[in-house]
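A.B. asks: The structure under discussion is supplied below as structure tokens; questions concerning it will follow.
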Amino acid sequence: QTQLLGVLLAAASNLLISVSLNIQKCSHLQLACRTEPKPYYTSKLWWCGTTLLGLGEVGNFIAYGFAPVALVAPLGCVSVIGSALISVLFLKKTMRAADILGGTLTVTGTYLLVTFAPNVPQELTARRVQNYLVSWPFLVYLILEIITFCILLYFYKRKAVKHIMVLLMMVALLASLTVIAVKAVASMITLSAKGKMQLTYPVFYIMIVLMATSCAFQVKFLDQAMHLYEATAVVPINFVFFTTSAIISGVIFYQEFQSAALLSVFMFLFGCLLSFLGVFVIARNKREEHLQIPFIDCGLIPGKKLTGKIQPDSRSSRYGTLNNEDDSVKSQS
């Protein structure tokens, strides 16, 4: 019953997050249609979306105190399905076959995740967290993660390599520590609320510091990825990396699959694969819809042969212009 409560709370929280994001999008569209544009923070609708977003994140935090990490993290796909449905119902976007296929795959994968997720009935006390922190599997995992992160950070800082995979791999490595800390903090707060005080142990505050620090740097690199690349590329890749790192951290630190049957592990991983595939299908559909931008037809403007039809590139600093003056010279000759 406790694990079911965590599942329902995580699913409702992710659905609330998708609602909040679409409300914020709707407020931005309303402000853009006004003759006199106002800052977004003056909109009551935007503040409503922000409040719902905060409630959704708090609900996700509490869900980690009731359910395993390997179950709560993949349920983030609910927000993807919710966003797709809400955008069709309220933002009047077109429902395509790819949306239906991606939603079906994601729902099927989510069902398998919930059905075959590991059952971890043990109470996560502060002493148990301390024992997990000094266990040799976690220490080996932590050393490998630090080495990998330092290598990626070297290429990011020294070699100026800002590929989407490099950025999101650093986000995923930080996210694994965030998930470990969030699970520990949420579980100790839950036990303290039930009467078993855990807040007097130093490990509780160590986990809070780890959670805050890893979250701050995680947001930094994720913001950099969102700045350099399209959201339709960042969202599915980040979801796959985050979910994978969260499951691995749950397996190594909290030993969530220690007593699971081989068939349950296989079906759980198959459910993860279906969820990943469904998210990619939905995001790919949005990407194709975004790229269907009509070209700029110069019409009867003098020099039509020279300019022709210019395809705008929103990433370029010379939006809607010829990329190279030499091309115009060649076309004249």
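Placed from the backbone N, Cα and C atoms, the Cβ positions cover glycine too.
Feature list, courtesy of TrEMBL:
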{"type": "TRANSMEM", "residues": "6-24", "note": "transmembrane segment"}
{"type": "TRANSMEM", "residues": "45-66", "note": "transmembrane segment"}
{"type": "TRANSMEM", "residues": "72-91", "note": "transmembrane segment"}
{"type": "TRANSMEM", "residues": "98-118", "note": "transmembrane segment"}
{"type": "TRANSMEM", "residues": "138-156", "note": "transmembrane segment"}
{"type": "TRANSMEM", "residues": "168-191", "note": "transmembrane segment"}
{"type": "TRANSMEM", "residues": "203-222", "note": "transmembrane segment"}
{"type": "TRANSMEM", "residues": "234-254", "note": "transmembrane segment"}
{"type": "TRANSMEM", "residues": "260-283", "note": "transmembrane segment"}
{"type": "REGION", "residues": "309-333", "note": "region 'Disordered'"}
{"type": "COMPBIAS", "residues": "313-323", "note": "compositional bias 'Polar residues'"}
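Help me understand the surroundings of these features in the structure.
C.D. replies: When Cβ-Cβ distances below 8 Å are used as the criterion, the transmembrane segment (6-24) is approached by residues 45-46, 48-53, 55-60, 62-68, 71-72, 75-83, 86-87, 90-91, 114, 117 of the same chain, each at least six residues removed from its ends.
Remote same-chain residues near the transmembrane segment (72-91) are listed as 6-7, 10-11, 14-15, 17-19, 21-22, 25-26, 29, 60, 63-64, 99, 102-103, 106-107, 109-110, 113, 179, 235, 239, 242-243, 246-247, 250, 271-272, 275, 278-279, 282-283 (criterion: CB distance under 8 Å, separation of at least six residues from the stretch ends).
Away from its own ends, the transmembrane segment (98-118) comes close to residues 3, 7, 67-68, 70-71, 74-75, 77-78, 80-81, 84-85, 88, 256-257, 260, 263-265, 267-268, 270-282, 284-285 of its chain (Cβ-Cβ under 8 Å, at least six residues beyond either end).
Proximity of distant same-chain residues to the transmembrane segment (234-254), defined by a Cβ-Cβ separation under 8 Å and at least 6 residues beyond the stretch ends, is recorded for 68-70, 72-74, 76-77, 80, 120, 124, 132, 137-138, 141, 164-165, 168-169, 171-173, 175-177, 179-180, 183, 222, 225-226, 272, 275-276, 279-280, 282-283.
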A.B. asks: Which listed range (45-66, 138-156, 168-191) shows the maximal number of Cβ pairs under 8 Å with respect to the transmembrane segment (203-222)?
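C.D. replies: By the under-8 Å Cβ criterion, the transmembrane segment (203-222) pairs most with 168-191.
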A.B. asks: What stretch in 45-66, 138-156, 260-283 has the biggest tally of Cβ pairs under 8 Å against the transmembrane segment (168-191)?
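C.D. replies: Most contacts with the transmembrane segment (168-191): 45-66.
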A.B. asks: Taking a Cβ cut-off under 8 Å, which residues six or more beyond the ends of the transmembrane segment (45-66) line up next to it in the same chain?
C.D. replies: 2-3, 5-7, 9-10, 12-17, 19-24, 26-28, 30, 72, 179, 182-183, 186-187, 189-190
